[in-house]
Every structure is written in structure tokens, then in C-alpha cells.
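Enquirer: Got a structure for you, questions after.
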Amino acid sequence: MFKKLIKRNKTKISHNDDLDLHNLPEHVAIIMDGNGRWAKKRKMPRIKGHYEGMQTIKTVTREASDLGIKYLTLYAFSTENWSRPENEVNYIMNLPVNFLKTFLPELIEKNVQIETIGFLDAVPKSTIEAIEHAKEKTKNNTGLKLIFAINYGGRAEIVQSMKSIYDELQRNGQDSKDIDESMINKHLMTHSYPDPELLIRTSGEQRISNFLIWQSSYSEFIFNEKLWPDFDGEEFKNCLKIYQSRQRRFGGLSKE
């Protein structure tokens, strides 16, 4: 079964008009993987790969916005990424500043709203200021919600939600019998977003790396072979077409 899944993820659909604009996922999440390997293949510093990856974010954001997708969540920096070399971490942490400096006017024009999930208290002040400025400038926009997961980890998110639930139970005189899925959802960082129907990971790696582990329970996974800087609008649309070829069962039986 797993071999069939991998084979299907490599499927290519060549014609753009095969994309059904009335059957798009509402929420797409992407693990943007392969920046370092892209740079290494070209004998360039790893930070060059991250720079080119930033350009891909612009491309995919434009595509998602133009197609009318409502939510795009991008795994920008995980809670585990702090173990990387200091100069690389510093460069990645400064990328949102550069990204928003160059791209914010277009995001505003495209009616895109910037939001974040993650533990931002550990993020540098200059990065936080750039993000908060972008949030303020786009807070009334009603198009695509572009959600950056920064210093985010799925396990840490669940631990935080459990602590928050415990506090709520204590305040309200409740006990563990009152805990259900809706209560957990309410205390997650993503509580105001629908679960992603589609989760894409680039670079050919086939794992979710602690990303949206609660929310992706019924997501369709596509493991794309392209390194993130090489992922473009056509690859994004091809992933959407593969998604449309799937039948989502949510644990039930096929309708066929």
C-alpha cells in the first residue's frame, strides 16, 4: 500500500485545464524542505538556498491567492531548528524581515492576510516587529490567510494545549471527563483555522517532522520530489490536481 502511495505522489498531470477550480482544498499546508541540499548541489552556502526558498514562497503565495485558496500554512522554522549553526539560524530569523519588506505591498494589493503560529517569545525582536507590522497592515484583508509556522512544533503545541485545558478545568470545577476533541481544538494555536485537507512536503522526504500532527489526521499527503527552491507554480498546481484525484474517506469506505 505504501509503495502505491509513493508512486501516486510522483504522478504528473500535464494540462493546467485539468484543475477543477470548484474542488480546491480550503487549507493547504507545506513543509518547505530542501533549501540546504539545493545550495549544496550548486556548491553555494546554505543561506543562498534559504534566500531562493524565500522567492518560492512568493511564487506559491501568488498562485494560492490567484486560485482562491483560503489558507496557506508554511513551516518556516521548527522548534528543533535552533540546533542548526548559529549563522544559519540568524539568517533564517532575518528572512521574514526581508520577505515582508519586499513583498508586503503586493500582499496588501492581493488582499492577503498575514498570520503566525508558534512560540514567538523566542524569536528576535526585529523579526517580531516586522511580523506584527505586517499583521497590522493586513488585518482587515479578506483573501488568502498566509500563516507562517515560526518556532513551531506539533508536540510542544499539544503540551501547551493540555496545560491550558488543565487551567480551564480547574477554573470551572470540571474534570477529565469533560475533555473532548472540540476542547482540544479550541486550545490549539490553529483553533481559528480548518484542518488542512492537503499537506505537501518537498524534497522527496516522507515524514511530517512534528508539523500539525493533530490537525493533519485526515490530510492528504503529497511528497513532491522537487527541492523547495525549484518548486514553482506548476508544481503547486500539479499537487492540487493529484489531491483532486484522491477520494477522501475519513476512515470510511470508498463510494465506488
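Keep in mind that glycine also has a Cβ here, set from the backbone N, Cα and C atoms.
Quick paste from Swiss-Prot:
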ACT_SITE  Asp33  active site
BINDING   Asp33, Glu220  Mg(2+) binding site
BINDING   34-38, Arg46, His50, 78-80, Trp82, Arg84, Arg201, 207-209  substrate binding site
ACT_SITE  Asn81  active site, proton acceptor
Enquirer: Sort out the sequence-distant neighbours of Thr79 (substrate binding site) for me: same chain, 6+ apart, CB within less than 8 Å of its CB, listed by position.
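Expert: When sequence neighbours closer than 6 are ignored, Thr79 (substrate binding site) has Gly118, Phe119, Asn151, Tyr152, Gly153, Ala156, Asn210 within Cβ distance under 8 Å.
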Enquirer: Determine the Cβ neighbour count for Gly34 (substrate binding site): the number of other Cβ atoms within 10 Å of its Cβ.
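Expert: Its Cβ shell of radius 10 Å holds 25 other Cβ atoms.
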Enquirer: Of the binding-site residues listed here (Trp38, Ile208, Glu220), which is spatially closest to the residue listed as 'active site, proton acceptor' when Cα positions are compared?
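Expert: Answer for the nearest of the binding-site residues: Ile208.
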Enquirer: Counting other Cβ atoms within 10 Å, pick out the least crowded of the recorded positions Asp33, Trp38, Glu220.
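Expert: Glu220, out of the recorded positions Asp33, Trp38, Glu220, has the fewest neighbouring Cβ atoms within 10 Å.
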Enquirer: Among the binding-site residues Trp82, Arg201, Glu220, which ones place their C-alpha within 10 angstroms of the C-alpha of Asp33 (active site)?
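Expert: So far as Cα distances go, the binding-site residues lying within 10 Å of Asp33 (active site) are Arg201.
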